[in-house]
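Per TrEMBL, these features apply:
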type     : residues  : note
DOMAIN   : A:2-106   : domain 'HPt'
MOD_RES  : A:His49   : phosphohistidine
REGION   : A:265-339 : region 'Disordered'
COMPBIAS : A:297-306 : compositional bias 'Low complexity'
COMPBIAS : A:307-326 : compositional bias 'Pro residues'
DOMAIN   : A:406-588 : domain 'Histidine kinase'
DOMAIN   : A:590-726 : domain 'CheW-like'
Amino acid sequence: MSNDPMAEIKASFFVECGELLESLQDALTDMDEGAYDNETINVVFRAVHSIKGGAGAFGLDALVAFAHRYETVMDEVRSGRLEIDHDSLKLFFHTADFLADQVAAARDGLPEPDGSEACLQELEALMGDALPPPEEEDISDFQPMGLSLDLGISDAEFGDFGLPPQLEDMPDESAPWSLTFTPSSALYASGNDPTHLLRNLRDLGEVVLRCDLAALPDFDTLESQHSYLSWHATLPGELDEGDIRDIFEFVEDVCTLELTRTSQDARAETTEFTLPDLSDLAPLGADPSSMAESVEAGPAQQADPAPDTPAPAETPPPAVDPPAAKPTPQASPNAEAPGATVRVDLERIDRLVNLVGELVINQAMLAQSVAEAGLPQNSKVMTGLEAFMMLTRDIQDSVMMIRAQPVKPLFQRMGRIVREASAAVAKEVRLRTEGEATEVDKTVIERLADPLTHMIRNAVDHGLETPDIREAAGKPREGIITLSAQHRSGRVVIEIIDDGAGINRKKVLEKAISKGLVPADVQLSDAEIDNLLFLPGFSTADQISALSGRGVGMDVVRSAIQALGGRIAITSEPGKGTRFSISLPLTLAVLDGMVISVANETLVVPLSAIIETATLTTEDIRSLGPQTNVIHVRGDFVPLYDLGAELGYRAPKSSYEGGIVLLTAQDNGERSALVVDAIMEQRQVVIKGLQQSYGHIPGVAAATILGDGQIALILDPADLVHNASGRTRGLETALAG
Amino acid sequence: MTQDTSKITSASEVELLSFRLGEEEYSVDIMSVREIRGWTRATPLPHAPAYVRGVINLRGTVLPVVDLSVRLGMAPVKGDARNVIIVVQMGAQTAGLLVDAVSDILNLPRSELQPPPDLAADSAHNYISALTIVEGRMIRVLDLASVLPEDAVEAA
């Protein structure tokens with residue numbers, strides 16, 4: 001696709017950055033919940049470190065510089081020299097947000113985001129004067145281990161994963177270094193070559209190198225993809241540890257590295273190689289053809305390329321148990337084992353989804369023709385067809401699941417919104433998320449971001465009270481917003497709950513009346529008042545804050561949700577808080593519809609738009625104008641539309657008595673009644689776009705293919721009513737006829 | 001070829017698919033024809049112009065069908081088993097042309113194509129890019145771009 005191979009690698013780096021930022025957020029959230037253990041801190045450190053490493057490789061200097069300074073501070077935390085408290089955590093979050101901005105800026109080639117310097121300075125201020133400047137080596141009182149690993153800040157940046165101090169003997173400063181380097185198969189898989197590393201090592205100074213063949217099995221049992229070799233090197237004692245570790249910086253996740261000062265016992269057991277011979281050593285398993293394979297074989301070998309998993313997959317080979325290899329992710333409390341993943345072009349998935357859609361339609365057609373052929377129920381064809389039907393459904397579900405993604409990244413974005421919003425209005429807010437692993441169609445997630453952002457801002461701005469008021473009401477100063485997702489009967493339900501003051505119904509009603517949205521003498525139930533929030537142009541904040549209240553309000557949220565085939569509901573309890581529930585379809589590729597017929601045409605109406613169905617009686621129908629009718633449903637007058645007439649299939653009927661109507665709800669809560677000839681069935685239909693092949697048709701959302709191979713149009717009742725004439729009176733019959 | 005197959009290009013030979021509409025004979029450049037299908041009932045589209053017969057299911061895609069006869073200002077194609085739908089592609093757009101019957105495939109030197117005379121009284125000539133005579137019959141070469149439904153028409 002691209003002429004520039006680097007561009008592709010770079011693109012995948014940014015994808016990885018996204019994952020790293022996600023794990024960074026996760027770990028910070030864990031810390032926020034009180035997990036101050038080394039593992040969690042390490043995850044934070046490692047995420048920042050890996051971003052720095054990758055950015056360095058691409059020469060993204062601004063990002064490197066930023067990540068480096070963040071990393072330095074995190075290293076202080078890791079080494080226990082910096083206490084974490086609520087405020088510093090807030091700063092860490094803040095910096096993580098900036099880091100995300102930096103990554104985005106680097107990706108899009110934009111200038112550095114404003115304020116990152118200020119943020120860093122604030123962060124670095126945490127380290128305070130009590131701490132020595134980072135460049136000074138600190139063989140400190142805290143560190144009984146002295147030289148062995150966490151030599152000091154500058155060294156710690158390179159590679160070691162910050163184990164709790166190891167109690168080791170303090171060897172002599174000038175004792176030669178002993179290095180054991182055991183590459184894992186992942187090292188080869190990610191295209192690294194130990195030869196280069198060892199050559200670099202040689203360039204440092206006089207090196208005695210031995211290759212350890214002990215793990216090498218017999219030729220018969222040798223697995224070409226497996227890594228068996230390790231190297232022992234003895235390096236001059238005057239070398240700097242940092243310099244040595246530097247060489248291995250980018251492979252540290254895929255090898256085990258042990259670096260210690262030796263006492264003089266040599267541990268030579270094996271064949272000796274001198275360095276020049278290395279060029280003859282074909283790197284094991286690293287021939288290009290097998291590389292790709294072994295990357296894909298990731299799950300089996302746990303051999304994800306290093307930056308892919310922020311918590312490096314620990315390698316199976318005979319680990320020497322050096323301290324540097326220890327901090328495996330497993331220990332981390334919330335770490336779910338990183339599943340093996342494959343990145344696939346979205347287009348391919350969509351193609352697959354389409355094909356499966358075809359399969360479903362074909363299967364339905366086949367079933368119909370078999371049924372028409374009048375075969376007995378227990379015939380082989382029938383039973384085979386039934387099995388086929390089940391399989392098709394399973395395939396369809398599985399394929400839909402490919403497009404599904406956890407809502408977690410979306411929720412994490414909301415975490416940031418909460419932080420920014422609460423800072424802007426000086427409120428103390430904590431975001432709780434539940435059900436982050438809930439999976440929803442990718443498109444749904446993408447299109448949910450804006451409405452959700454809006455609602456979260458609203459919750460912070462309008463929902464929660466200021467800390468003082470909360471305190472006065474006997475609540476904790478910190479308000480809590482809960483964002484949850486769960487699957488419920490084939491749909492996904494996302495809830496935004498705040499523990500604020502609840503909706504001030506009196507105020508809402510006054511506002512609605514003053515804005516002329518409802519008549520002054522209107523009688524409304526509590527629920528109806530709550531729903532006034534969804535009216536266009538409604539904004540309750542007394543002052544228009546920078547945060548929300550720009551006039552685009554909940555009505556926009558509501559139409560965005562409805563465009564996704566979703567519904568939104570609101571419940572509120574004074575003094576306790578407000579809850580918004582969004583119910584969404586799991587996918588946009590299929591839709592639950594009611595199949596109806598009008599003027600011999602078959603149509604599908606989305607089930608989500610239908611409130612109820614009814615049969616009309618004479619008493620229900622009242623004429624409104626010379627050409628229009630309304631029907632009387634439980635005390636409300638609802639305009640009547642003849643679907644057949646509105647779609648131009650026929651002229652309005654002379655009488656609608658005994659007709660079947662679908663009651664539908666519109667964006668603004670208004671209802672309308674659509675007359676249909678018959679309701680045939682309820683079923684899932686595969687959505688086929690009309691837009692591409694033909695263009696937009698008023699009142700029609702899309703099309704689908706029915707079991708008989710015919711195309712049926714899927715209606716968009718809101719759009720239909722919007723464009724409708726409303727002619728339902730016999731008077732027109734003559735004119736239109 | 002992928003650009004605009006309906007326009008006559010400089011190649012010396014041209015291959016045309018000829019078909020019948022009422023008593024008249026028309027043709028399209030065969031390079032723009034994807035397939036020919038038997039008649040199937042189309043699902044009518046609301047608010048569509050009269051020449052848009054509706055949409056049919058072409059192996060899972062929704063294909064708009066144009067009644068070419070109506071489009072050219074003649075009586076609608078009856079719509080029975082003898083009628084066929086010529087599936088044509090122009091750029092990214094695919095559509096079906098409902099015609100009475102397909103008659104022939106013609107191989108002609110490009111030089112035998114003549115530009116249509118400019119007769120203002122006849123609106124149909126807008127849809128014709130060239131004329132030719134084959135065995136004494138006059139055959140019109142359709143300008144596909146002008147007969148396919150445009151989005152702008154439908155959006156209104």
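Glycine is no exception: its Cβ is also placed from the backbone N, Cα and C atoms.
Just so you know, TrEMBL annotations never went through curation; they're auto-generated.
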Inset, instruction - Could you give me the DSSP helix, strand and coil counts for the domain 'HPt' (A:2-106)? - result: 87 helix, 0 strand, 18 coil
Inset, instruction - Mind tallying the domain 'CheW-like' (A:590-726) by DSSP state, helix then strand then coil? - result: 17 helix, 70 strand, 50 coil
Inset, instruction - Restricting attention to the domain 'Histidine kinase' (A:406-588), give the mean pLDDT. - result: 82
Legend entry - Cβ-Cβ neighbours of the residue listed as 'phosphohistidine' (radius 10 Å): 25
